[in-house]
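J.: The structure is given below, and queries will be raised subsequently.
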Amino acid sequence: MLLSTRNLTKTFPGTKALDSVDFDLKAGEVHSLLGENGAGKSTLIKCLTGAYRRDSGDILFEGEPISPQSTLEAQEIGIGTVYQEVNLLPNLTVAENLTLGHQPRRFGMISPRAMQAQAEEMLAGYGVDVDVRRSLDTYSVAVQQIVAIARAVHLSGRVLILDEPTASLDSREVRMLFDVIGDLRKRGLGIIFISHFLDQVFEISDTLTVLRNGCHIATRPAAEVDRMELITLMLGHELDEEKPDRGLSSEVEGTGDAIRFKGIGRRGKIAPFDLTVHKGEVIGMAGLLGSGRTESAEVLFGATPADSGTVEDANGAVDLRNPRNAIAAGFAFAPEDRKTDGIIAELSVRENIILALQARRGWARPIPQAEQMRMADEYIERLDIRTPDAEKPVGLLSGGNQQKVILARWLATNPRFLILDEPTRGIDVGAHAEILRLIEDVVAQGMSILVISSELDELIAVSHRVIVVRDRHHVSELTGADVTTETIVRAIAAPDAEAVA
Amino acid sequence: MTGARVLRRVAPQLLTLGAVILLVSVYFPDFYQIVYANDRLVGIPIDVVKRGAPVALLAIGMTLVIATRGIDLSVGAVMAICGATAAWSIDQGFGLWAALGLAGAAGLVCGLWNGILVAFFGIQPIVATLILMVAGRGVAQLITGGTILTFDNEAFAFLGSGAVFGVPVPTLAWILTGILFGLLVRRTALGLLIESIGINLRASTLTGINSRVLLLAVYMGSGFCAALAGIIATADIRGADANNAGLWLELDAILAVVIGGNSLLGGRFSILASLLGAMIIQTINTGILLAGFPPEFNLVIKAVLVIIILVLQSPRLLPRLGFIRLRRERDEKPSGTPVEAGK
Amino acid sequence: MTIRALPLYATIAIFLLAYLICYIQFPAMLSTRVIGNLLTDNAYLGIVAVGMTVVIISGGIDLSVGSVIAFSGVFIAVILRETALHPLVVFALLLAVTTVFGAAMGGMIHVLAMPPFIVTLAGMFLARGAGYMLSIDSVPIDAAFYDTMQDAYYLMPGKGRLTLLGLIMLASVAAGMIMLHRTRFGTNVYALGGGEATARLMGVPVGRTTVAIYAFSGFMAGLSGIVFSVYTSAGYPLATVGVELNAIAAVVIGGTLLTGGSGYMFGTLIGVLTMGLIQTYIVFDGSLSSWWTKIVIGALLLMFILLQKGLLRLRVSA
């Protein structure tokens with residue numbers, strides 16, 4: 001075995017990111033690592049490459065225990081990594097990127113000719129036609145990826161980790177990259193491949209390992225798994241789960257209060273789609289990571305303004321050019337990445353809760369202090385936010401409580417349409433249930449909700465209907481009795497011929 | 001904020017100010033003497049709060065700019081422009097109010113220029129404001145015609161050297177401006193919104209805060225404060241010196257904000273603490289003169305002060321001084337949630 | 001390569017165009033005499049801009065250099081007055097002091113993880129204060145060796161003098177070019193400017209490089225101080241106030257990205273000469289006022305900053 005982990009465990013405050021994971025990589029195989037956001041793929045990679053220190057467990061390289069303290073040390077041991085955002089320097093030339101740190105020198109000075117020769121030699125066999133004297137950013141991401149791979153292979157040469165390398169490549173470029181990966185496999189490297197494009201995973205992999213919620217779920221030869229089974233493993237539903245009561249959609253259909261989106265989309269993000277949101281309705285949105293579900297939400301909220309389509313409600317056209325206008329129209333959006341897009345870490349719980357309402361009222365009409373206190377206390381109690389007091393900086397709370405603060409922020413604006421992108425990701429079970437209960441609560445009061453989630457059980461439990469997104473298109477809409485894990489998985493799994501388009 | 005919390009916030013600045021005063025009074029025991037003569041208060045403390053006026057005024061605007069995670073290098077040059085504008089208006093016989101109006105407008109326009117570069121062109125604040133820092137003095141000289149433009153207008157000169165109820169006008173100016181800005185940001189929601197965009201611009205925009213307009217307003221506020229400082233400096237010497245008015249005061253203003261415990265990385269701010277910072281700087285300046293040291297020492301002491309503050313504020317060194325737990329928390333925080341690397 | 005070098009070409013084009021305009025109005029400006037003076041008068045600025053170029057490409061900034069130049073002048077003048085040391089020995093001492101000074105700032109920037117802006121601001125106060133403490137007044141330098149240096153020149157065809165000072169500047173630029181473009185250190189400087197985190201991941205010794213960058217800037221500021229003291233035959237603690245701004249402006253007008261990662265040493269030379277040319281033009285014209293220099297430099301700064309911003313957009317969207 002080239003690289004193994006035994007009982008690898010890593011805990012972050014509030015979550016167990018890896019829970020005694022065993023993983024084995026053989027020389028000469030491409031081993032895909034699968035799982036939704038928060039499954040533990042990244043944490044596993046970061047433990048392997050020394051970016052994180054594990055809490056317990058062992059990492060074995062050719063049977064010898066190792067514990068790299070940094071990516072550089074991992075590289076020296078023989079483990080190289082290439083990330084989706086290419087970790088090279090775009091402002092240097094290709095040759096400089098390839099040779100940085102070990103440029104050939106003559107009398108203490110870099111010899112450009114020798115450096116070019118060395119760079120060209122490193123790139124030979126990768127089938128790319130590159131002028132190594134040009135700066136890296138003049139080349140496509142695909143070429144940059146290959147340059148990064150060439151550097152990683154040159155420096156480490158035993159294990160190559162590819163983290164979402166195809167995310168921004170077109171089909172021709174993916175082909176080019178796969179040829180390179182195939183060659184490296186023949187040369188005996190062990191390759192760990194991470195991608196959310198299942199077609200690509202099936203095409204390139206010898207072995208598949210599925211992680212979910214930090215646990216190792218399954219490892220199988222790729223030839224013995226089909227798409228349905230794989231998605232089922234990744235999303236982890238129990239097929240015998242009975243679907244809860246739904247079917248309100250026909251009942252609310254008639255009201256004139258609907259918000260109608262017609263043909264709205266954004267080039268390169270999400271293909272134009274129609275959506276009608278009725279009062280008091282929960283719309284679920286399912287799809288794998290990178291399918292365009294977050295992009296749909298951002299277009300609906302004006303965070304990424306749509307470049308086509310119209311939006312109207314009972315009062316006429318709705319302007320969604322930016323989040324401010326969307327909020328004025330009664331929209332609200334709890335984003336997927338709480339840390340960068342949601343919380344204002346150093347502001348207190350109280351300030352975070354009143355922020356959206358205050359922004360809508362404008363700076364000149366401050367919410368009175370007493371009113372702020374009352375609102376903070378009200379939501380802390382109503383959403384059971386665990387904080388010593390309302391003045392604690394929100395950055396110090398756990399993920400679940402931060403999420404509740406963001407929900408409180410939007411509920412305080414009393415929106416009519418609330419968009420929740422992965423509202424329960426990375427939070428503990430208790431908070432999880434509370435957030436679902438809250439959704440039911442506010443819908444009963446007439447609010448409309450769009451929920452994006454990778455957890456199908458959860459989606460089915462709360463949604464009146466479910467939209468399935470695949471390859472940046474809204475591919476199907478399931479209503480009533482059609483909303484089952486099986487139909488959703490089937491819609492997600494439909495062979496995606498244009499997966500790499 | 002309640003009184004106790006404000007006090008706790010500015011305690012380090014108050015202690016520093018106290019220590020500096022104590023140190024000065026060791027060399028110069030008469031420090032505390034204030035007498036009332038010729039309808040005005042006279043004494044060293046009065047001198048400090050008068051001479052510290054330009055830096056204090058600049059520090060008010062600078063505090064807000066720094067709270068948005070920006071910086072305004074141009075304030076010294078803007079002072080010169082506004083001073084020149086005021087002197088020129090008086091010289092043209094436009095009268096006091098026109099002079100004040102034009103100077104204030106010039107400051108606002110300068111701030112608008114910086115704000116547009118930062119908020120709409122997305123240029124880094126330090127780069128954007130550098131342009132006006134370089135060109136501004138040229139513009140000021142253009143207005144004065146390259147000479148020191150002197151004028152004879154008692155009403156205007158009163159702003160620099162007069163006194164109301166014995167208190168020098170410059171002192172009143174910075175105290176009133178400080179109160180005005182303090183009320184403006186704390187009695188409305190401006191302060192909260194400014195802190196919010198300084199901490200997390202993207203999340204703030206997604207929350208519906210109009211960050212561009214807010215940035216414009218903040219840089220215009222800084223330009224306005226620079227205009228007031230320029231007016232006072234000009235009135236004080238009864239002339240506009242385009243070359244030397246406000247020279248290097250942007251650095252003192254930044255220093256005052258940093259001494260005030262405001263982070264250069266934006267977020268929480270306290271105007272009161274910055275004003276105390278400005279007074280600490282001025283007390284040192286005055287103290288060195290009084291103690292008979294050559295004024296040259298001033299710079300060295302300022303340098304040492306900056307270094308001490310840097311060490312105290314350093315995100316990397318503090319933990320080594322024993323706050324190891326604090327550091328671990330900080331390290332874990334960004335990776336606290338298992339977010340996948342790629343989106 | 002081409003798109004990144006565009007600001008450099010723009011700089012060269014602007015310089016040539018400006019020179020052409022000057023020549024059409026004042027044909028005398030094309031003489032080697034004017035060119036020789038241009039080099040001599042701007043020697044100290046060119047030298048310090050070489051150090052500033054390295055600092056800015058690494059993504060930093062050094063506000064201390066103007067004060068260090070003034071300190072250098074006073075240091076040399078006072079030591080020459082008080083001791084019988086040969087000027088060359090004093091020069092060596094001085095360069096050691098300013099290099100260590102720069103290295104200390106680099107060390108603080110790295111160890112304290114503080115913005116270079118504020119650390120070098122402290123350095124600016126410190127160096128200026130140290131200069132004052134040595135002497136408040138201007139100290140004349142009266143050494144035979146200084147006369148020798150001032151009189152050292154190569155007579156170009158057309159009676160223009162290529163002085164020792166001008167030569168030292170050209171040599172500094174050449175040395176800077178070799179260091180920036182032909183050494184591992186130089187590549188590391190670009191790497192830091194391209195992204196410190198990525199550079200660290202790729203094995204660049206970030207701490208060592210940061211210290212070396214500011215040490216180099218300190219060395220060049222010291223060298224510039226020597227040249228300035230030869231140029232003025234005196235040391236004055238109030239001299240060269242604001243030179244750091246001129247140096248930064250020259251670097252940016254030379255096509256270097258103020259946020260780091262991109263730029264050329266040769267561009268800086270052109271930037272310095274462009275700024276010198278504007279001043280020369282104003283002198284030739286006689287009726288124009290000196291403040292136009294500042295305004296034109298500000299306009300050029302704005303132009304290059306917007307150009308760089310536009311190029312960045314172009315590269316991102318490409």
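Glycine is treated like the rest: Cβ placed from N, Cα and C.
The transmembrane segment annotation in TrEMBL covers B:12-28, B:48-66, B:73-90, B:96-123, B:130-151, B:171-193, B:213-233, B:245-265, B:272-293, B:299-318.
For the listed features, I'd like the structural context: burial, neighbours, distances.
T.: Cβ atoms under 8 Å from those of the transmembrane segment (B:130-151) belong to residues 73-74, 76-78, 80-81, 83-85, 87-88, 90-91, 110, 113-114, 117, 238-243, 245, 250 of the same chain, restricted to positions at least 6 beyond its ends.
Note on the transmembrane segment (B:171-193): residues 1, 46, 49-50, 52-53, 56-57, 60-61, 64, 159, 164, 204, 209, 214, 217, 221, 225, 228, 232, 269, 271-272, 275, 278 of its chain, located 6 or more positions outside it, place their CB under 8 angstroms from a CB of the stretch.
Long-range neighbours of the transmembrane segment (B:213-233) within the same chain, counting only residues 6 or more positions beyond its ends whose Cβ lies under 8 Å from a Cβ of the stretch, are 53-55, 57-58, 60-62, 64-65, 67-68, 70, 72, 74-76, 78-83, 86, 100, 103-104, 106-112, 114-116, 118-119, 159-160, 169-170, 173, 177, 181, 190, 193-194, 197, 245-246, 249.
Packing against the transmembrane segment (B:245-265) from elsewhere in the chain are residues 9-10, 12-13, 16, 54-56, 58-59, 61-63, 66-67, 69, 71-80, 83-84, 133, 140, 226, 229-230, 233-234, 273-278, 280-281, 302, 305-306, 309, 313: each is 6 or more residues past its ends and has a CB under 8 Å from a CB in it.
Distant neighbours of the transmembrane segment (B:272-293): 6, 9-10, 13-14, 16-17, 20-21, 23-24, 27-28, 31, 44, 47-49, 51-52, 55-56, 59-60, 62-63, 174, 178, 182, 252-253, 255-262, 301-302, 305; these residues of the same chain sit at least 6 beyond its ends, with a Cβ under 8 Å from one of its Cβ atoms.
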J.: At a threshold of under 8 Å on Cβ distances, which of B:12-28, B:73-90, B:96-123 pairs most often with the transmembrane segment (B:48-66)?
T.: B:73-90
J.: Would you mind listing the long-range same-chain contacts of the transmembrane segment (B:73-90), meaning Cβ under 8 Å and 6+ residues beyond its ends?
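T.: Distal contacts: 54, 58, 61-62, 96, 98-100, 102-104, 106-107, 110-111, 114, 126, 129-137, 139-141, 143-144, 149-151, 153, 156, 222-223, 225-227, 229-231, 233-235, 239-243, 245-250, 253.
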